[in-house]
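Below is one structure, written out as structure tokens; comments come after it.
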Amino acid sequence: MKIIMLGAPGAGKGTQAKQIAAKYSIPHISTGDIFRANIKNGTELGKKAKTYMDQGALVPDELTCDLVMDRIQQDDCKNGFVLDGFPRTIPQAKALDDALTKIGEKMDYAIDVDVPDENIVNRMGGRRACLNCGATYHIVFNPTKVEGKCDACGADTVLRDDDKPETVQKRLAVYHEQTQPLIEYYDKQGILKSVDGTKPMDEVFSAIVGILGE
């Protein structure tokens, strides 16, 4: 079972991807993890990626796809995998499809965790992070016991720059321009499934399990 998770930043697709991976005993694969692992292990692909990342540049699609293909051809992916954070653009999706076709494979599902922009801004604007230990909270869904203080270490919690409304709006604009076209792309392939991401996390997961089967 080969699955791609789609959805805007803050839609909760990463959380759902982890739960899918645990339930179906398949790896949860994020591009960030792949980059870090290859750089840490000093692979040739990792060295190439690091030269771009050190300059603050985006890693080219072709190299990112090579890294992903290298990962999904490892033994633990024989029964499937969940891709989280890749592909992000139509060129990446086409590169992935082409690479999979060469090894006689194809994606089975593209699951879109659908959340309106307004909900995303409110959801991310409520996030708080501990300045000291990095623990994360939410003022509505997962508040600290003492307002503004971390439950774990007692240090101050703050709204990160990444979660400020103006930053979230910019990230959403990029998503709508670059990533949302993937919804139509996978719909045309007949593998797109959409779930209502505004519902509680366990209900969203139940809906996904309903699509994938027990």
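In case you wondered, yes, glycine gets a Cβ from its N, Cα and C as well.
Under the three-state DSSP scheme, Y137 (ATP binding site) falls in the strand class. Look at Swiss-Prot and you will find G10, A11, G12, K13, G14, T15, R127, T136, Y137, K199 tagged as ATP binding site, backed by sequence analysis.
What Swiss-Prot lists as AMP binding site is T31, R36, A57, L58, V59, G85, F86, P87, R88, Q92, R160, R171, and the listing cites sequence analysis. Every protein chain considered, the tally of other Cβ atoms within 10 Å of the Cβ of R160 (AMP binding site) stands at 14.
Taken from Swiss-Prot, the feature Zn(2+) binding site covers C130, C133, C150, C153, and the record attributes it to sequence analysis. In the structure as shown, the Cβ atom of C153 (Zn(2+) binding site) sits within 10 Å of 12 other Cβ atoms.
For 30-59, the entry in Swiss-Prot reads region 'NMP'. Per-residue pLDDT, averaged across the region 'NMP' (30-59), gives 89.
Same-chain residues lying 6+ beyond the ends of the region 'LID' (126-163) with a Cβ under 8 Å from its Cβ atoms: 171. Summarising the annotation, Swiss-Prot assigns region 'LID' to 126-163.
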The region 'NMP' (30-59): which same-chain residues, six or more beyond its ends, come within Cβ distance under 8 Å? 14, 17, 66-68, 70-71, 84-86
Hey, of the binding-site residues listed (G10, G14), which one tops the CB count within 10 A? G10
Spatial neighbours of Y137 (ATP binding site) among the binding-site residues A57, V59, C130, C153, defined as Cα within 10 A: which are they? C130
